[in-house]
Amino acid sequence: MASASTSKYNSYSLENESIKMVSQDGVSQDLSESVPQLPGETLITDKEVIYICPFNGPIKGRVYITNYRLYLRSLETDLRNLRFALKQEGHSRRDMFEILTRYAFPLAHSLGLPNHHWRITFINKCYELCDTYPALLVVPYRTSDDDLRRVATFRSRNRIPVLSWIHPENKMVIMRCSQPLVGMSGKRNKDDEKYLDVIRETNRQISKLTIYDARPSVNAVANKATGGGYESDDAYHNAELSFLDIHNIHVMRESLKKVKDIVYPNIEESHWLSSLESTHWLEHIKLVLTGAIQIADKVSSGKSSVLVHCSDGWDRTAQLTSLAMLMLDSFYRSIEGFEILVQKEWISFGHKFASRIGHGDKNHADADRSPIFLQFIDCVWQMSKQFPTAFEFNERFLITILDHLYSCRFGTFLFNCESARERQKLTDRTVSVWSLINSNKDKFKNPFYTKEISRVLYPVASMRHLELWVNYYIRWNPRIKQQQPNPVEQRYMELLALRDDYIKRLEELQLANSAKLSDATASPSSPSQMMSHVQTQF
């Protein structure tokens, strides 16, 4: 939302302009006081206020809040620092604050944020608190920015617990962060312990806060040697810790190499099942899906809020939070929603795309390379196979994303974090892959999609229900290519095209029939020339 003020010197040019206000009964009315108006701009509310100017002191004026900006009609003022004094009339200040936040942060407000439990903090607007986090963060309302700074000193890479998703009904939340810096000496941090307790109490939760550590317990203990660790029962009395046994980036990299070895250049049919089993790829897919199911179930059932982390909170954490949100929230199963999910949980929250993919780096043996994002997309594909009508997008959509993960044609997956992209002015210099997809959405739509708003998906994370994604991993094999496209989907698309053609022809016939009836009504005619209007239902 923009802010503006008008000077006494330019008020003459605004005399003939007005802005419409929508009253509570829905009737538009012109305000007697003239203010600038932009096309489509509507006034939401206006109040007499005293603006606390940091340079000139208190200034009386009237503030207007529109669906686009905040406008103060007074003397020339500096509106970079917004401080207003209002009369104590009921909840006028709260109403004004809620209206401001609703129109300034429309995406966040779709989940009812901010509210009296959660707030948006600008502590990281210059990436000073954490250079791998986004500029805007959502944290408990009761926590001050100074508290957050103290908590950051005890979390790896300063990646403090922040909100990822809130359940619209029971208000349970999914939080994400990095591991605590416990170390071999078992260090504690009272601010971190208090912060997790505030998260638990935010929604008046009686049960313990559930902490899901994505790592195997052995790895978490081993990380103490390098200054990391996990939340112990002694320090975090109101939290319950569970390890999800998902292996690290090095194990995943070696597993994918084994998949490549069994599918390229030739496939050995006689030992296919045993060869596939030896890669352990589907076992890793199973563990990631199992962890996400546990998170989704805990939040959906209203049993407790959850905190998710791994080591640094940008690999396995992103897999788990985004998959759980995909299971819980049908919005993220749409094309637009999935784009927002990837943009938020992966790109903005600092998954190290440059390090994991190695864009422009010739060092293929780099230990930081790992197919973490590919593994996430594979999990999404597994879910789409089990729920063929739940996702708006099709397999081509997922494959296109993966192709451009490596292509470097678009800036979407370049660099490791938001701050690096800002420094390189990536949005000015590159195009987003979402622009390509959104310019031709029909190509990426699932013809079987049925929108179900409140449905929670619980995929079966069993080896019997998981399969290798043949159309991605083996798509260049000539025998596999002959099987494309999916014959059922192709036939369904043909029927849809035929239906659209019939509907178009029917509309043309009805228009022609209406024109003839109009002509017959306008001029006298014999009964043989009269034509009755036929309503045809399709």
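Just so it is clear, glycine is given a Cβ too, placed from its N, Cα and C backbone atoms.
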**Request:** Can you dig out which of the ranges 11-32, 143-164, 429-450, 517-538 TrEMBL describes as region 'Disordered'?
**Result:** 517-538
**Prompt:** How many helix, strand and coil residues does the domain 'Tyrosine specific protein phosphatases' (279-341) contain under DSSP?
**Reply:** 45 helix, 4 strand, 14 coil
**Message:** Among the binding-site residues ASN248, CYS310, ARG316, which residue has the fewest other Cβ atoms within 10 Å of its own Cβ?
**Reply:** ASN248
**Message:** Let's check the environment of TRP314 (substrate binding site): how many other CB atoms sit within 10 Å of its CB?
**Reply:** 25
**Complete:** Listed in sequence order, the residues of the same chain lying six or more positions from ASP312 (substrate binding site) whose CB sits under 8 Å from its CB are SER156, ARG157, ARG159, SER178, GLN179
**Prompt:** Quick one: mean pLDDT on the domain 'Myotubularin phosphatase' (90-473)?
**Reply:** 93
**Prompt:** Among ASN248, ILE249, CYS310, SER311, ASP312, GLY313, TRP314, ASP315, ARG316, listed as contacts of substrate, what is the widest Cα spread in Å, to the nearest whole number?
**Reply:** 12
